[in-house]
Structures are given as C-alpha cells and as structure tokens.
Amino acid sequence: MRNASIIQFRHVTKQFNDETVVLDDVSFEIEGGKFYTLLGPSGCGKTTILRLIAGFIEPSEGEIFFNGKKINQVPANKRQVNTVFQDYALFPHLNVFENVAFGLRIKKMKKTAIEEKVSEALSFVNLQGYEYREISEMSGGQRQRVAIARAIVNEPKIILLDEPLSALDLKLRTQMQYELRELQRRLGITFIFVTHDQEEALAMSDEIFVLNKGKIQQSGTPIDIYDEPINRFVADFIGESNIIKGKMIEDFLVEIAGKPFVCVDGGMNPNEPVEIVIRPEDLEIRPEGEGKLSVTVISQLFRGVHYEAHCRDLEGNVWLVHTTKKIQVGDKLGLDFNPEDIHVMRFDESEEDFDRRIEQYTEDESLGK
Amino acid sequence: MQGKASPAAKIFLMTIIFILYAPIFYLVFYSFNSGGSMSGFEGFTLDWYRELLGDTRLLIIVLNTLVIALLSALFATMIGTFGAIGIHALKRSKNSILGLNSVLIVSPDVIIGASFLILFTIAGIRLGFYSVLLSHIAFSIPIVVLMVLPKLAEMNPSLIDAAKDLGASRWHVFTKVIFPYITPGIFAGFFMALTYSLDDFAVTFFVTGNGFSTLSVEIYSMARQGISLHINALSTILFLFTILLVGIYYVISQRSGLKLGGFRR
Ligand SMILES: Nc1ncnc2c1ncn2[C@@H]1O[C@H](COP(=O)(O)OP(=O)(O)OP(=O)(O)O)[C@@H](O)[C@H]1O
Ligand SMILES: [Mg+2]
C-alpha cells in the first residue's frame, strides 16, 4: 500500500473544554517532500491542525500518525517537526545567531558544528552577516527569515508555517512566496503552510486542503480545486466565480437561465437541480444578439488589468465578467462561453462521491468517443 | 507625550518635593551640629558619626539589619518568582489570588506585625533573628509577585511553544526562555523587597525579641530615651544607603528597560 505518507490524520476531532467542535472528524494524508497548504477563512481550524501536528495539543478523538506510528501522546519537544509561528515567536533576549542555534544547543551539539549549521541555515535564507544582530534590529521580512532558519537548522521532517506572510506588505509578500517555494524545493522537506489568502495558496502549493468550519471541504492540486470546486463554498472562496442555479437535464446537458447548454459534466440523476460555476474570465463579451446569453450591463469597475462588470440576464441572474473591452453601464450585450468552462456542482456531495463520479464519467466519456 | 508642563505646575511640583524632603535635610543638617541639640547650629562636627562607629552594639545592629534585608529579599524573590509563575499559569482563580496578594500589600503593617506575633507565639517560635527573618520574607513575597507578574503577562505565550517546538524540556523552557525574560522583574522585586525590609519598623517591632534589634527599631528606642544627635547621624546613614539602593535599582531597570523597549515591536 501507499506508505509514502508522513502524516496521517484518522477521524480527528478536537473540541476545547467540551464546547464547540473545532475540528470535526478530519482525515487526511500528507506525503513527504511536498508543499501543502491549509486554506480557509478565519476560525476554521487551520492553526488547530498545525498545533495538533506540532504536538502542542492532543486530539479529543481520532488518531494522528507520523511515519506510520501513532503520535497522539508524543510531546512537542520529541517530534521531528518545527514550526514557523504566525508572530515568529523569536526569543527577544537572544540575538539572531542564538535564536537559530537554540534547538542545536538543546541537543548539546558541539560548538563548531553549531556554528557551521547556523551559518549554513542563515545563508539558506540569505541572512549571512546578520548573526550578531538583535531581533529588535531586524525588519519584518528578516525576522521571518530568522524564524525559518531557526526551523530548518534542526533538519525536521516537516516544517509548519502558520500564516508567516500575513504581516508583510504586498511586495515583500510576493517575493517571500517565491523564496519559500524555492526553499522548499531545495530542501525537499515537507512544508505545511497555512493561509487564508487563496491566491497565495494557488501560487505556492503542490496540494491544497480547503477547510471550512472544522471540516476539509476539498483537497487537491491548485488546478483541480480551481477548475472543479466541489461545492459553493469552495467555488466562492477560491477565485471569483459566478454560481448560478441550474438543472442537469441529462449527462453533458445542463439548463442554465432557462436554456439548455452542452457541458462536460455527468454522472447525475436526470433533471437533478444543481449549481453551475463559470469563472468571470471565461465569459466573453459579444455584440448584442450573439453569444449564448443576452445581458444588460448594470455596473462596471476598472481593475487595472481588466474591467470588472456585473451583467443581468433575462432571468434575473447576475453575471460577473472580466473583460479588457471597454463597455458602458446600460449596454446590451451577448455573453459567450465554452462547454468546458461550465462546471456543475451537486448539492451536498461528499469529496469521495465527487471523486468517484468524476472518475466514472470521464471513463464513460472516453468510452463514448 | 504631551507638551511641557506649565511653569505653575513646575513650581507646585518643586514645592511638594521641597516639603517632603525638608525634614530629612533638616535632620541631616543637624547631624553635623557640635551643639547637643537641634535648637541651634553651633559648629560643624563629625563627632556623632565617630561615636556611632565606636559603638559595637550599634554596628551589630546595622549588620543584623543588612543580613535580614539581604536574606529575606533573597528568599522572598525565589518564592515570589515561582509563585508568580504559578499564579500566571492559573486561569480561573487568578484574579482572586491576585486580590489576596494585594490585600497583603495594602494592609497596615501593625496588623501584619500583630498577627505574626500571635502566630509565632502559638507556634512556639522564639522571638529574635528567625522570627524577624520569617516575617520579612513573608511580607516581601507579595511585593516580588507584583513585580514579576507583569513581565510574565507581557511575555508572548508562543515563545514557550516555540521553545518546546525546538526540543526544549520543561526545565529548559524555564531556564532558557522564561527566566531570562522575567529577569528585570525579578531584580526589581529583589530591590523592592530589600528596601521594604530595611525600612520596616512596625512588623519588626512586634516580632523582635530581647537582644535582637534592627536599625529602625533601634532608632525608635533611642528617640524615646530622649533627643540625641546620634539619631540624626544614624538616620543620615540609613537615608544615604536607601538612596544608594534606589540608584542601583534605577540603573538596572534603565539598562534592562532599554533592552526591553527594543523587544516591543
Ligand atoms: N485554546 C482554545 N480554547 C478554546 N477555543 C479555541 C482554542 N484555540 C482555538 N479555539 C477556537 O477554535 C477555532 C479555530 O481556531 P483556529 O485558531 O484553528 O482558527 P484558524 O483557522 O487558525 O483561524 P485564523 O485564520 O483566524 O488564524 C476558533 O473558533 C477558536 O476560537
Ligand atoms: Mg490561525
């Protein structure tokens, strides 16, 4: 069987003081050497998952495995996991060198070895020459790098990063996104990265877990999650989207705004009510009378790269459109899209059912051709 | 920060400080008087100091006072520091315990002294060095707690998680993270305890027995026997010593304060 998983959650539930359930029957697997992202709105339990992996808290129910061994009761200081905290949690009474050396000193490593490893770790994060600076003399971005160096110097199997970029300004943040991703590739250590910024998640991850209200909504590669969101929450949370009510007439044929359209989804009951997703960048503006839908522009905003327009169709559905063409409020236009731009979502479908169905109808499809 | 204080406010402040310090300077001034009383200054002399230094009984009392102050401050600091860490870790009962702590600080010395006297009598502890030491330790602990707690509260709790994350055992977390962080508070507590012990009259007066005395008790009994400029000389020395302590405390807190200022982002 697959034994590459380094961390495994089996039906993990966590509640604090018998109050609300913060994590509700969460199961997932993390493979070695990849960049994972936990993505979700504030309070959905991201930090709680990291704290469970780090060993600061224990699950109320369920099991956590590390390399196949159950580690529910293993204390934090005995786990091969290091954390980069949201506020970095650097030791203010120690300078940069001593902060990074902290873990090695605990391990009673030899002085020369410590010096070597610390300078190696600092050069990994481009902080050579900052050894004897006080933490208070470092900028936000530099502190973040010290925190990363302090984690990687211990050569852990997993590094947990709790929204490490949220305190940085946009530019530095983008730069650090590249650096982090690059660092992960060079080190080959598993990174579990927490963010509530969906763009960051899409840009950096090998695999994303989308969380909401203590449950994993969907997991998969950024492209999978963006193109095939499992439900309204994921579609709404990741990227911008038009989510419109529809009806699945039969396989590969869906009714939207009262009209039938060819699509690429299937495996549902005939005439099942569904929701469909079309991304605003997949909608194309056509002259009035052309395209698949007739709409009226009701608002428009200049966004730099593109215009963002809201258009209303004849059924009253509002469509968000990204276009580079200049349009006017009140214009009557046509909207066009391709069959593969339509993504159909069933109500209350679990991730397993979703995966099974997708597998099945893609097979049907290839058989049919 | 607001703008500079108005001249009127400055004058007011100076007046208050003058009024507070005037009696002390008056007392210090007459400690150099060659006339035997505080009624008229006749000439400069160091005789009173000389006599004090020649008085071995008094020297022993000075020594007692210092030993009591140092020992009680030391024990109180140790107990108070761990106490503060314990209180800090509490969740629900924290406030009530803090309340009890403050009550000890604000309650009148006379009551504390009297209750110690009752306690020692019941427990059969002989009044003398140990009873004084114990009571000084006891009344200093709340002060230390009060100085250390804010430092603990100021500490980012994720520092402790970070240390554990890096492999630190409980002991290492304490010695390598918590202790260095709260050191300024511990020092402040120590010096506060030291000055409280040196100052203390009421509690000591109750719990000291025959043959054991501290400076403040001694000054009191000298004053009762009649006015002598020995008292002035002795008080002057005590006053200077206190100023020295305050100076040390100030320097230490300044130094760590600078560093601490840097901690806060
Ligand atoms: N020690 C605790 N005691 C009680 N409730 C807690 C505790 N820690 C977290 N919670 C609750 O658990 C829920 C999830 O918290 P968590 O910190 O995991 O959220 P998060 O996804 O990291 O959010 P954010 O993006 O805001 O950091 C929150 O509702 C929070 O109030
Ligand atoms: Mg969080």
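Even glycines carry a Cβ here, placed using N, Cα and C.
Per TrEMBL, the features are as follows:
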type	residues	note
TRANSMEM	B:12-32	transmembrane segment
TRANSMEM	B:58-85	transmembrane segment
DOMAIN	B:62-249	domain 'ABC transmembrane type-1'
TRANSMEM	B:97-123	transmembrane segment
TRANSMEM	B:129-152	transmembrane segment
TRANSMEM	B:173-195	transmembrane segment
TRANSMEM	B:201-221	transmembrane segment
TRANSMEM	B:233-252	transmembrane segment
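Distant neighbours of the transmembrane segment (B:129-152): 64, 68-69, 71-73, 75-77, 79-81, 83-85, 87-88, 98, 101-102, 104-105, 109, 112-113, 116, 120, 178, 181-182, 184-186, 188-190, 192-193, 196-197, 200, 203-204, 207-209, 212, 214; these residues of the same chain sit at least 6 beyond its ends, with a Cβ under 8 Å from one of its Cβ atoms. With a cut-off of 8 Å on Cβ pairs spaced 6 or more residues apart, the transmembrane segment (B:97-123) and the transmembrane segment (B:58-85) reach fewer than 3 such pairs and are scored as not touching. Counting same-chain residues at least six beyond the ends of the transmembrane segment (B:233-252), those with a Cβ under 8 angstroms from any Cβ of the stretch are 24, 27-28, 31, 48-49, 51-52, 58, 184, 187-188, 191-192, 194-195, 198-199, 215-216, 218-219, 222.
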